[in-house]
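To start, the structure under review is shown below, and the notes come after it.
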Amino acid sequence: MKIKTRFAPSPTGYLHVGGARTALYSWLFARNHGGEFVLRIEDTDLERSTPEAIEAIMDGMNWLSLEWDEGPYFQTKRFDRYNAVIDEMLEAGTAYKCYCSKERLEALREEQMAKGEKPRYDGRCRHGHEHHSDDEPCVVRFANPQDGSVIFDDQIRGSIEFSNQELDDLIIRRTDGSPTYNFCVVVDDWDMEITHVIRGEDHINNTPRQINILKALNAPVPVYAHVSMINGDDGKKLSKRHGAVSVMQYRDDGYLPEALLNYLVRLGWSSGDQEIFTREEMIKLFSLNAVSKSASAFNTDKLLWLNHHYINSLAPEYVATHLQWHIEQENIDTRNGPQLAELVKLLGERCKTLKEMAQSCRYFYEDFAEFDADAAKKHLRPVARQPLEVVRDKLAAITEWSAENVHHAIQATADELEVGMGKVGMPLRVAVTGAGQSPALDVTVHAIGKSRSIERINKALAFIAERENQQ
């Protein structure tokens with residue numbers, strides 16, 4: 001049997017972390033078994049579904065490289081198929097037309113609640129004793145079995161049982177002729193030959209209803225696995241303040257897709273004590289029986305730690321392809337300066353996100369208008385004039401421009417003036433970067449370039465001279 005899974009989001013908003021984890025688990029399960037992964041857009045909610053949300057979902061899936069083998073399928077393009085199946089069910093007697101008014105149903109609901117009963121349809125139209133004209137408005141209900149129970153073996157939670165007496169005669173077609181969500185899902189899973197349905201635990205109550213419809217259609221019932229919810233690190237329902245933002249927001253904030261995937265796979269799944277997983281390792285090791293049925297806690301600090309790891313462990317050339325987008329957002333012209341892969345090597349240890357890296361690299365490519373006030377006040381003082389003049393001349397004398405030779409020039413300046421390296425290094429750092437912090441000074445000066453470094457030292461010397469004149 002070929003394994004076939006699906007990810008079926010509703011395009012009423014962005015692809016959030018919970019949906020992305022569900023998609024990842026479904027994708028990994030299919031890949032682990034050499035199966036297929038289907039993308040289906042469940043857009044039957046016409047009022048809330050938007051083209052922008054569809055685009056956001058596709059962008060998120062593509063950024064995470066969760067490629068699909070079939071689709072995307074759209075439920076709104078399959079209404080003829082759904083209605084054809086409903087008509088067959090009406091003919092077979094497994095569905096019936098219901099003419100009950102909203103007023104009657106509301107009165108029935110209030111009466112049942114007053115008695116402490118669970119609100120449910122009472123089956124008045126099920127046996128068709130009343131005569132109605134063909135043009136009279138009606139819904140179509142599924143004739144749910146009235147006795148027995150539905151039992152399914154959830155691959156994460158074990159055996160789950162629902163009494164059929166607890167289940168309503170579900171509406172499967174509205175008065176306007178549109179099919180309902182629970183019915184569309186059933187026909188889709190049947191037609192698309194889905195073997196395993198991996199989804200959030202909020203769908204557990206839908207499962208017995210869907211199984212009963214599948215059985216009424218003599219269709220195969222897929223295997224179900226319901227993933228637990230994700231909480232914030234305070235144990236409360238995940239919200240934006242915990243990090244429940246769109247997948248693409250993580251891209252915008254400077255995270256690598258590898259970091260987010262690694263983090264999401266560990267939100268409920270484990271393989272021993274291993275924390276870092278390549279995509280290939282995830283595919284090889286993933287199994288549903290290792291998914292926890294307990295809620296997971298979202299921890300942004302852990303995600304940030306993973307991102308820093310991947311910035312420094314992946315090939316700099318690859319990281320640079322993702323950094324490029326952030327560089328463009330900052331409007332930095334990188335034609336005159338180090339290659340982005342070199343920049344990743346320079347700033348990787350200091351920066352935990354690519355956004356931070358892009359925001360802290362401008363001095364490598366563009367001259368700055370002024371020095372950081374605090375750094376200049378502390379380090380660009382008259383006492384720094386001689387160290388800057390000497391190191392400038394030694395840098396100018398370098399014939400083979402390299403980080404090693406830059407280091408020798410700085411060291412030689414300190415030795416000649418009989419001062420510590422900091423007395424040379426700190427003024428030089430502020431002079432060439434405009435600020436008091438940077439990567440190692442020798443590689444920084446080397447990356448900025450010989451002529452630009454000397455120009456900036458001269459600018460710093462002019463700043464010191466002007467400062468002296470003002471005193």
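Please read every residue number as a count from 1 along the shown chain.
In case you wondered, yes, glycine gets a Cβ from its N, Cα and C as well.
Annotation note: His127 (Zn(2+) binding site) sits in a coil segment as assigned by DSSP. Around the Cβ of His127 (Zn(2+) binding site), 9 further Cβ atoms fall within 10 Å across all displayed protein chains. According to Swiss-Prot, the feature Zn(2+) binding site maps to Cys98, Cys100, Cys125, His127.
Marked as ATP binding site by Swiss-Prot: Lys240.
In the predicted model, the motif ''HIGH' region' (9-19) has a mean pLDDT of 91. Here Swiss-Prot flags 9-19 as motif ''HIGH' region', drawing on sequence analysis.
Marked as motif ''KMSKS' region' by Swiss-Prot on the basis of sequence analysis: 237-241.
Listed in chain order, the extra residues whose Cβ falls within 8 Å of the Cβ center of the Zn(2+) site residues Cys98, Cys100, Cys125, His127 are Tyr96, Lys97, Tyr99, Tyr121, Gly123, Arg124, Arg126, Gly128, Glu130, Arg141. For the motif ''HIGH' region' (9-19), the residues of the chain that approach it from at least six positions outside its boundaries are 41-43, 45, 48-51, 53-54, 56-57, 59-61, 200, 229-230, 238, 243-249, 264, 298, judged by C-beta separation under 8 angstroms. For the motif ''HIGH' region' (9-19), residue counts in helix, strand and coil come to 3 helix, 1 strand, 7 coil, using DSSP.
Long-range C-beta contacts of Cys98 (Zn(2+) binding site), restricted to its own chain and to partners at least six residues apart, with a cutoff below 8 Å, comprise Tyr121, Arg124, Cys125, Cys138, Val139, Val140, Arg141, Asp169, Ile171. Cβ neighbour counts within 10 Å, taken over all protein chains shown, single out Cys125 as the most crowded of the binding-site residues Cys100, Cys125.
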